[in-house]
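Heads up, the thing below is written out as structure tokens.
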Amino acid sequence: MDKTDQTAIDESALVLNRTEKSAEAVLRVASMALSITGLVIMIKNSISNEFGSVSYSNIGAFMYLVSANGVCAAYSLLSALAILALPCPISKVQVRTLFLLDQVVTYVVLAAGAVSAETVYLAYYGNIPITWSSACDSYGSFCHNALISVVFTFVVSLLYMLLSLISSYRLFTRFEAP
């Protein structure tokens, strides 16, 4: 192989690395935007009627959802900037750190979505054996907005599952096991 062939291989690896970094940054920015959307919908979600008033701050699961979406949005922004700013090639410590933090954010957001989905389910359908009736008959728009926020949160968790796969692939294919 002559020097020209080696240069072509190095340049194609650099382009692939830039493409990989750009795609990952786009996924992180998209998850940030969706997290903020879910967070804003839930924060603005309140209703008052003859039965009383309710807002997200009255329900622990929804407060956790707002917190998890806020943490995810902040981490998504910081990690997208870090991905774009990291030198090529990135070190093993940087790859492991991204992998670990991606895993943590994935599970935090997934847990927030799951507990909030259970709360929304109970609000829509109640629990007949213990005589809980549906709350959404009285607070329809609140339930609808909560459901939309939960859907956004699950989409974010899917994006973070994909990002976790990318970071695990990067870690386990490019570096030896610890």
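All residue numbers here begin at 1 and follow the chain in the order shown.
Backbone N, Cα and C atoms are what each Cβ position is placed from, and that goes for glycine too.
According to Swiss-Prot, the protein has these features:
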TOPO_DOM  1-22  topological domain 'Cytoplasmic'
TRANSMEM  23-43  transmembrane segment
TOPO_DOM  44-69  topological domain 'Extracellular'
TRANSMEM  70-90  transmembrane segment
TOPO_DOM  91-96  topological domain 'Cytoplasmic'
TRANSMEM  97-117  transmembrane segment
TOPO_DOM  118-145  topological domain 'Extracellular'
TRANSMEM  146-166  transmembrane segment
TOPO_DOM  167-178  topological domain 'Cytoplasmic'
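Residue counts of the topological domain 'Extracellular' (118-145) by helix, strand and coil are 17 helix, 2 strand, 9 coil (DSSP-based).
Here the topological domain 'Extracellular' (44-69) returns a mean pLDDT of 88 for the predicted model. Summarised by DSSP class, the composition of the topological domain 'Cytoplasmic' (91-96) is 5 helix, 0 strand, 1 coil.
Only residues 6 or more beyond the boundaries of the topological domain 'Extracellular' (118-145), in the same chain, are considered here, and those with a CB under 8 A from a CB of the stretch are 41-42, 44-47, 49, 51, 54, 59, 61-62. Outside the transmembrane segment (23-43) by six or more residues, the chain places 56, 62, 65-66, 69-70, 72-73, 76-77, 79-80, 83-84, 109, 145-146, 148-150, 152-153, 155-156, 159-160, 162-163, 166 with a CB less than 8 A from a CB of the stretch.
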